[in-house]
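As structure tokens, the structure follows; a few thoughts come after it.
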Amino acid sequence: MGACMSKNDEETEQKKRSQKIDRDLEEDSKKLRKECKILLLGSGESGKSTIVKQMKIIHLKGYSDEELTNYRPTVYKNLLECAKAVVNAMHQFDIQPADPSLRPYVEFLQDYNMEGCPPGQSIDPKVGTAIQALWNDPAKEQLMERQTEFYLMDSAEYFFTEVMRIVAEDYRPNEMDVLRARTKTTGIYETRFKMGQLSIHMFDVGGQRSERKKWIHCFENVTSIIFCVALSEYDQVLLEESSQNRMMESLLLFDSVVNSRWFMRTSIILFLNKVDIFKQKLGRSPLGNYFPDYSGGNDVNKAAKYLLWRFNQVNRAHLNLYPHLTQATDTSNIRLVFAAVKETILNNALKDSGIL
């Protein structure tokens, strides 16, 4: 009889334990179902908005035909900004086209603008002819030797290569055009998507100096920060202050983020972005010219490791730092990187919820 009672007690105890485990699992699952808040930070033009566009392509079924068409004015604007930057630099450095017959194209591009045109209007095809002719002229090499002395959008070469497709009357941007298109982020842009069992709420915050004071109310309960750095900006200056090196500005911003009291328990995912442009630049613009203590030549891995070391040096709070070399315009690269990032975010979410 006693043995029977004992057996029943044991079964009851086991059932209670099993129910508690089920409740705990359900509770853990609920905690994980809460949104993970991801803050995208970095200085202007570091690639944050491109990452958001990639999330739409990878996790939210991409862009509809209408959304692609809506990017047309932005692509036109970027193309003209790039063309005007080139012709203004030609004037600034007194560089003439090697072929004198191309000089009228320089004046044409300088004077052309689309302001006041109806929203659906196509760009003048002559813009394409002018850009193509000037970009294929030998004077381009002279100009590119002085690229650190003037501002030219990273996507300029892409848009110039694609110019005849862009100026066609029936032009509709494709996803690569959208990824390359640049609009200044002002304020805070939010996007939500699922990544496996995780619900992600991502905030893209304006990178220009004037935007930074608006970040503060985003800081509460952040699961992870993705901090974007454009590796290629080591030889560039700020749009807002032409005496300030962009990489030094990124380091200062990173310092203020990583050592902030708001982020004492947050891990930082560091995207060393624009590695493709960085690789192209190192040969013609040595990193050592801007960071005299660097001695690794134009080896891209040594150069990237050196810059990562510089970022680690300012991490006085000793937050967990997860670095990734990225090319934000390459969907397959970002897909791979985010497979690793997902693990980091998941672990942080588990820690935040008390499961780990």
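Each Cβ is built from the backbone N, Cα and C atoms, and glycine gets one as well.
For the ranges 70-79, 200-209, 310-319, the feature annotated in Swiss-Prot as region 'G3 motif' maps to 200-209. Of the given residue ranges 37-50, 93-106, 107-120, Swiss-Prot assigns the label region 'G1 motif' to 37-50.
Between the region 'G2 motif' (177-185) and the stretches 37-50, 269-276, 326-331, the greatest number of Cβ pairs separated by less than 8 Å involves 37-50. The distance from the Cα of Thr183 (GTP binding site) to the Cα of Ser49 (Mg(2+) binding site) comes to 9 Å.
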